[in-house]
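Below you will find the structure I want to go over with you.
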Amino acid sequence: VKDLKEQRTDSHAELMALLNSRKTKTADPNVCCKICLEGYDEITADDDASEKNPLVTPCACRGSAAHIHLSCLKDWHASAGYPTHLRCPTCKQHYFGFVAVELAKMNLEHIEAAIVCASSSSRADHQLRRATAMTRLAQVLCGQGQYEEALPLYRDSLASRISILGPARPEVAESLTNLGELYRLQGNYEDALRLQTRALALRETMLGDNHPDTATSYNNLGVVLQFKGRLKQANDHFDKAVRIYEKVFGVDHANVASLLNNIAGLMRSQGDLTKTLELYQRSLAIRKRVLGPHHPTVAESLNNLAIMYSEMGDGELAQEAATECVTIAAEFYQPDHPEFLNYKGNYGIVQKRIGQTEAAKRHIQEALRGLLEKSFPPAHMWVSKFEAQLQELRDAESCDCAAAAASAVPSAPEAVAVVC
């Protein structure tokens with residue numbers, strides 16, 4: 001009997017084969033590293049050795065600048081002085097995926113080594129740099145679904161900043177908003193609300209009402225309020241955030257796209273499907289232009305569109321969007337990543353609505369099991385959503401009722417992006 005890990009791996013491979021989404025790693029002569037100009041490592045019988053220096057696409061760069069060896073990127077990162085912002089100097093966008101984790105770990109190891117040799121007069125400065133490095137590592141770990149690993153890093157960073165700087169500083173507000181977002185991801189909405197409220201109050205006082213960081217706090221608090229069902233307050237916060245972002249960054253910016261995604265989720269909660277669809281489409285278009293067509297946030301937009309199309313009765317467009325979503329997500333996420341599990345379960349919901357009930361049941365069950373194994377609480381929106389979907393499938397099987405299998409998903413917002 002296979003253990004659960006093997007079952008998940010087999011199921012993931014089955015889904016990817018179904019979608020024809022796994023790209024085979026071959027020595028493509030047209031693909032090379034933008035630093036050393038070499039291509040893929042030669043594939044030998046020792047696959048593990050070849051994977052030690054993969055050719056990766058860690059950012060929004062495209063064309064000949066899209067690929068880089070992991071070792072070349074690490075060497076460049078060290079030569080640049082271990083920058084904490086983890087942005088590509090070419091496309092100016094954040095690195096993502098496991099590459100961002102690797103660079104963030106490099107930064108933390110570097111500063112911790114420096115602390116050992118630091119003089120007493122410079123120790124506080126080094127401790128603040130360590131707090132920043134912990135924050136960046138926690139952020140990218142959250143992006144990989146490693147919430148338990150990120151939690152102590154966020155807590156330690158917050159404690160260090162308060163101890164050294166005092167409680168009323170922008171750095172403390174950043175720690176509060178990041179920790180609050182982690183609590184939201186874990187379904188702990190009360191603590192998320194408390195911390196996001198504190199972060200917004202600090203930023204309004206220190207930075208003013210028109211600062212982009214204040215806009216981020218308006219957005220983050222709006223998301224939590226939406227999850228708490230306080231839709232009018234959420235809408236007010238989103239409106240404030242989008243006005244600031246458009247004024248500071250212009251309308252064609254990744255942060256604006258994330259806010260449009262959030263407002264669309266709010267419109268969906270209120271039953272305005274036409275407006276929801278329009279906003280999701282605008283968010284997707286911006287993300288594709290700014291970040292490229294294979295960025296993880298593009299998968300998020302496609303996931304939302306797939307659910308919307310299925311709710312509006314367009315099964316063909318729904319399946320097309322869901323397939324593209326999972327295809328992109330599979331390139332960046334492990335099979336047990338919470339976002340991937342959510343996309344996989346939603347793919348099953350789309351299948352359910354177009355009559356592919358056996359495949360739908362399997363994918364929704366696997367998504368639910370994966371989330372529970374990641375310690376998601378029963379009250380979490382993804383868990384309750386998939387449990388409700390499975391119950392509808394069981395009811396349909398027991399009473400042979402086709403109408404039950406085609407019923408709608410609860411109208412909770414999907415995959416709300418938070419700008420941190």
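Backbone N, Cα and C atoms are what each Cβ position is placed from, and that goes for glycine too.
Where the annotation comes from TrEMBL, it is an automatic prediction and has not been curated.
Predicted, not measured: the structure shown is a model, and the values here were computed from it.
According to TrEMBL, the protein has these features:
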{"type": "DOMAIN", "residues": "25-98", "note": "domain 'RING-CH-type'"}
{"type": "DOMAIN", "residues": "33-92", "note": "domain 'RING-type'"}
{"type": "REPEAT", "residues": "173-206", "note": "repeat 'TPR'"}
{"type": "REPEAT", "residues": "215-248", "note": "repeat 'TPR'"}
Taking the repeat 'TPR' (173-206) alone, what is its mean pLDDT?
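Result for the repeat 'TPR' (173-206): average pLDDT 94.
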Determine how many residues of the repeat 'TPR' (215-248) DSSP places in helix, in strand and in coil.
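Helix/strand/coil tally for the repeat 'TPR' (215-248): 31 helix, 0 strand, 3 coil.
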Mind checking how the repeat 'TPR' (173-206) divides into helix, strand and coil residues in DSSP?
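Secondary-structure composition of the repeat 'TPR' (173-206): 31 helix, 0 strand, 3 coil.
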